[in-house]
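These come from Swiss-Prot:
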type: REGION; residues: 285-311; note: region 'Disordered'
type: BINDING; residues: 470, 471, 472, 473, 474, 475, 476, 477; note: ATP binding site
């Protein structure tokens, strides 16, 4: 093999080789498909089988999966446009810490890109033989430089490439069916340069701007060490090794080469060169092979031996292949595939190659690390290089469906491209505990909590709402608090409804921790911005926190006052009393407008001092009903501040609520339940008002969401809040043990994002809701999830199992939900 770089010129997404071939290159947008969804995976493979059948006549192909830079710092910089001004320092610090901690754990932060190259059919291009000969003659005598001798060469190249525009346009339309997009000229430059700087330090932007072949190939490649190549660039040096695919199982189904390679604990490349075999070669070769196998079987039988199992299997496969290639669309494809690993030392590189071989062996794929063919493989895998008749070693022969089984351009991406770190993808593998699941993953998850209604390209939803469900103790509240911590850094007004009244307790412990105060002052200063409201009627400071007179505008205040009082007093048939009540309400609201310190309790006082005895008695009754009850939260004299709508971060604690069961009839409500329902109306109105400012983004977290689903009033409140979310920039985080709490028929499309922790009694419903197939394997997968693991369905409709992790030790105290006792640590200590 002549070891020469095939590339001669680049024009847009086209590459011209020394031999006069023109290749077109496309980036294939990856698809995230859970491997547990067998039907979706098979459907995807069928689509690629049909693609290869459609483009078989193009003859030569190049599949490439490579680890591109994730550019996390750049993504966090873009995220800063959403950060609140008063949280910029703390957000920037934690984003920098995220980058540092992830790089410490993973090394280079990468994501896999997928490139498909196709050699264009020159037979379809109208180029005079003389022009092509002139160009090839020029290339054979001229320097390798594309730009230095720009004058004539560039002009010829451009006119030459223009001849291919029509045939490339046809191919580009076919590529669109698998989400393929043309590479730009700078991307083409980088894809070629990448092969010479793989695993070495380099700046993608700088390498993409190179304009001549000599600079693109400006790396010393030293093949003197067996099994590896030593690469020296102008910035760095390192080692690469090409691990070649040698054998598959007879049945290649579910070999999933490209997908399997992604789950390795370090970044790798997968390169595959494919060439269509002419049927005029395939048919005689199969006939000859079949004849040989027949003679082998005859010979074995003549000596009294049974036919070898391998001989019988081979004969069956040959017969099957002969039947298959009778179909017009089916061809044999010859292909050569390698996994490329990198390392700073030869030892590291060979060690990674060994791990690759062991890992793929588990998927039924046998690999080899060639000792003396590393340089040949390096040049064979360059863009524009094709297989030829001299390539005999490690060539695989399959039909198009065999190539499709490699599962090109599928990954396990989930979440958003810009956002905060939330955890790790778990590719549905079995682990001993949560920590091992986290440590075995390279796929980290970013999440931006407020993107769904931003008209994202490719998004499957316009709903900003989020559902977090699962059994008690699996991590719902932990996840909700983690997201709330991140949201508190965004320029979003946030409200967390905390019925267990636990957040303040844990946060206060963090604020009182001398070590954290001394070492993490930015985080302490941020936590001190949290505003707490406690709905506890036993605390006099909370009286009037939800008084409509205090926090609502006049019209809405009057309406809500009526609703609250009607919960505990029947005005029907008592027009005089009702008139006095309404008049007193108007007078108190007018007084409030004039700046006087008044509240709903003043309505009762006015009724008590009314000249009519019936009104006085009604006032006395209402006073007794309100006295020492939960209604003190809604009915007070205005001396305490109401819930603040001005604070950016509010935690609203709810205590001592006595709400009826959702199936209970209204006439069976106890007086205590009626009072709690009245408070629910007030709470809902506050949330509704909270989310109704179109000039600002707002979010509410509703922990223990049974509060809103146990009464008709609560359901009404919650539905109204969600409608506000669709109309305004408002998102609701609904945190509940039961998926059924949230997923009524009319509500199923109302949640754009969902996190589902395991709930043994609802696995089937959860799988359906999360776009997962309801199978035994998937139910078992849910059963085996650890505390802190959940299914995550994102804005794009993708679903994956993820392990939640908070990277920052100082945050853990504020995210706690239970106190771990000494005996629990002792339990874990013993083998």
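Heads up, the Cβ atoms here are built off N, Cα and C, so glycines get one too.
Computed from a predicted structure; not experimentally measured.
This view paints the features noted in Swiss-Prot onto the structure.
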residue : record           : Cβ neighbours (10 Å)
470     : ATP binding site : 27
471     : ATP binding site : 16
472     : ATP binding site : 10
473     : ATP binding site : 12
474     : ATP binding site : 21
475     : ATP binding site : 25
476     : ATP binding site : 23
477     : ATP binding site : 23
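According to DSSP, the region 'Disordered' (285-311) comprises 21 helix, 0 strand, 6 coil. Each residue in 737, 757, 787 lies on the same chain as 470, 471, 472, 473, 474, 475, 476, 477 and has a C-beta within 8 Å of the C-beta centroid of that ATP site, without being one of the site residues. Mapped onto three states, the DSSP output places residue 474 (ATP binding site) in coil.
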